[in-house]
Amino acid sequence: MKRGLFLTLFFLLILGIAGHWAWNSFGSKPNSMQVTNNIELIEIDHDVLIGLGNGFFVKVDNSTFMMSLKVLVKGEQVEHRVYRLKNGKSELVGKLDVPFVVDVPALWIDNEVLLFGGMNPGNITLVPVVYAYNPENGSMREFAEMPFRDYDQLSLLWDGSKAYLFVRFLNGNLSAYSFDPYAKKFQCLDLGFPEGFVFPGTSKYAAVWYKGKGYFVHGDRIAVFDPSSKNLVWAQVRLPDKYWARTAVATDRGIYIFGGFDDNVNFSRNIYLFVPENNTLTRVGTLPYPLGQAPGGWDGRRIYIVGGRGPGPNKYIVIFTPKG
């Protein structure tokens, strides 16, 4: 599985470069374009040629997000940039030249981004440290040490006051922890995992908090975490396709699920709406291009999906406005 993940990342990079030229050959418009009546594309930045992957993505308040991306810019320069996304517009805040910040689970607290781990350069294990990053002044400091080592996958749920971490170790074992960022305290949870829940890292951008519970979109299934009973069980619904690294975004009408890729690196354009209250799943649209491994957020009116990987241009922010 580890070798497969590395090969997948390599293919995703090649697809992203190919997608950039293919998309441009169709005459895409600069800045922004209206694809359908409820999907719009806006450029991450005017000088970004290709998106090469995400670093972190956090919600600051009801209308503002902070994010980092690895991008190829004009002049063939690769940069790690930090942007503020507000009301459908991205604003360059600075640069974050820290190599381990690659698809890192993160949350926002007290004007800082808490980064949970990250890639260990030259090593398949992840960094066992929580860092606090201030995007306004560019400072980074060690915030807390995580109570576990030798892990290669991590997914995070944030309920607004406490984080829940779901960890996969190198030997394939799974564990869950709660983390109080105000007390800087971790606690190991006595949590059983349902059969088939094996790759929490593939749900990194598909783990959401919705009405008091956590939800993981995991392949063609959805796992439900109840913090009161410390249970993790499968929802009584299945997606019609099995894709990994989907995007999930919680809204006031349910959880929207976007894209993803399968074991053969075929990407999806499907958009689904899952309503946990009645366990219904409905296909509600199509992405403008195949996309996976992209973070997303909801500002109360629109859903934003940023960067990601796939055969599309990946230099856009997809803005999806739910109908109705």
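Cβ from N, Cα, C; glycine included.
Copied over from Swiss-Prot:
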type	residues	note
REPEAT	112-160	repeat 'Kelch 1'
REPEAT	254-301	repeat 'Kelch 2'
REPEAT	303-323	repeat 'Kelch 3'
For the repeat 'Kelch 3' (303-323), jot down how many residues DSSP puts in helix, in strand and in coil.
0 helix, 10 strand, 11 coil
Of the residues in the repeat 'Kelch 1' (112-160), how many are helix, strand and coil by DSSP?
0 helix, 28 strand, 21 coil
Mind checking which residues of the chain, 6+ beyond the ends of the repeat 'Kelch 3' (303-323), have their Cβ under 8 Å from one of its Cβ atoms?
12-13, 15-16, 18-20, 22-24, 28, 38-44, 48-54, 57, 65, 67, 69, 71, 85, 88, 90, 245, 247, 249, 251, 253, 256, 258-259, 261, 267, 271, 273, 284-285, 287-297
When secondary structure is assigned with DSSP, how many helix, strand and coil residues does the repeat 'Kelch 2' (254-301) contain?
0 helix, 24 strand, 24 coil
Let me know the model's mean pLDDT on the repeat 'Kelch 1' (112-160).
93
